[in-house]
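Pulled from TrEMBL:
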- GLY31, GLY32, HIS33, ASP51, PHE73, ASP94, GLN101: S-adenosyl-L-methionine binding site (BINDING)
Amino acid sequence: MYHNPVLLKDSVDALVTNPDGIYVDCTFGGGGHSREILSRLSPEGRLFSFDQDTDALKNALDDSRFTLINQNFRFLENSMLMYGVPQVDGILADLGVSSHQFDEADRGFSIRSNAPLDMRMNVMQALDAKKVINEYEEEQLADIFYYYGELREARKLARQIVHHRKNKLIETTQDLKDIFSYIPSHKSNKFFAQVFQAVRIEVNQELDVLKEMLLQSYKILKPEGRLVVISYHSLEDRLVKRFLKNGMFEGEPERDIYGNFKKSFDLIKTKAIIPDDKEIEENSRARSAKMRIGSKI
């Protein structure tokens, strides 16, 4: 079952400025955002949606204006060129794991189910969570937990995993959780969410993929084209915020001949848009969502 998309009306309101335009939904999932985008387009409008998860193909929409591309959105620019579309009017990305992927217990994304250590958004790729947990060096694991999970005790956690796997392969999500059974129950949900997030980001190279998509988005957007991104944790949001502000992810932004910072986008809203209480009550996934909107200069 696919749940209601987060910030559905707000995101599509921000995205679609020309009913005759060409739009991209980078994260098709259950097709909720795509359906809403199509409802705003004229017969001349077109929508291209991406999803690397083969499960999402079951939800393909029967509409002549719609094309579903079974690819990671890191291939955004090349894929659009293959369809003869060098520029688009707007791009939407609803990041992270879909509700369907969380609900499919055997995918290993949820901390609430015992499942094989998988966490692949693309089940065809070789790297999975089991390989990360059982084969990565201690220092690599520590870096993953520190940078992707924002866990202060990253080195200790990595050391415990390496010690444990010497005796027994870590094969399931419960095996992984059992290593840290000493975590107090009132802290366990947040702790395991951070651990799982860290491993999942590594398995799917989520931050690198996001950077590639953002850079390509700027290249294929028409002037005044909209970029709308919904993120679910601070690592993603920081990248999106900085990119929309100055077209970079780190370092000092370029200046023009007058010494002013060069801008790539006008911000439609200076602050992130968040769901209201009613939406959060109806859809718990919306709780951590932040949406940022830019218009290409």
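Backbone N, Cα and C define each Cβ position, glycine as well.
Structural mapping of features recorded in TrEMBL.
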residue: GLY31; record: S-adenosyl-L-methionine binding site; DSSP class: coil
residue: ASP51; record: S-adenosyl-L-methionine binding site; DSSP class: coil
residue: PHE73; record: S-adenosyl-L-methionine binding site; DSSP class: helix
residue: ASP94; record: S-adenosyl-L-methionine binding site; DSSP class: strand
residue: GLN101; record: S-adenosyl-L-methionine binding site; DSSP class: helix
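Of all the binding-site residues listed here (ASP51, ASP94), the one with the fewest other CB atoms within 10 A of its own CB is ASP94.
Its Cβ placed at the centre, GLN101 (S-adenosyl-L-methionine binding site) has 21 other Cβ atoms within 10 Å. Shown in sequence order, PRO5, LEU8, SER11, VAL12, ASP25, THR27, LEU92, ASP94 are the residues of the chain, 6+ apart in sequence, with a C-beta less than 8 angstroms from the C-beta of HIS33 (S-adenosyl-L-methionine binding site).
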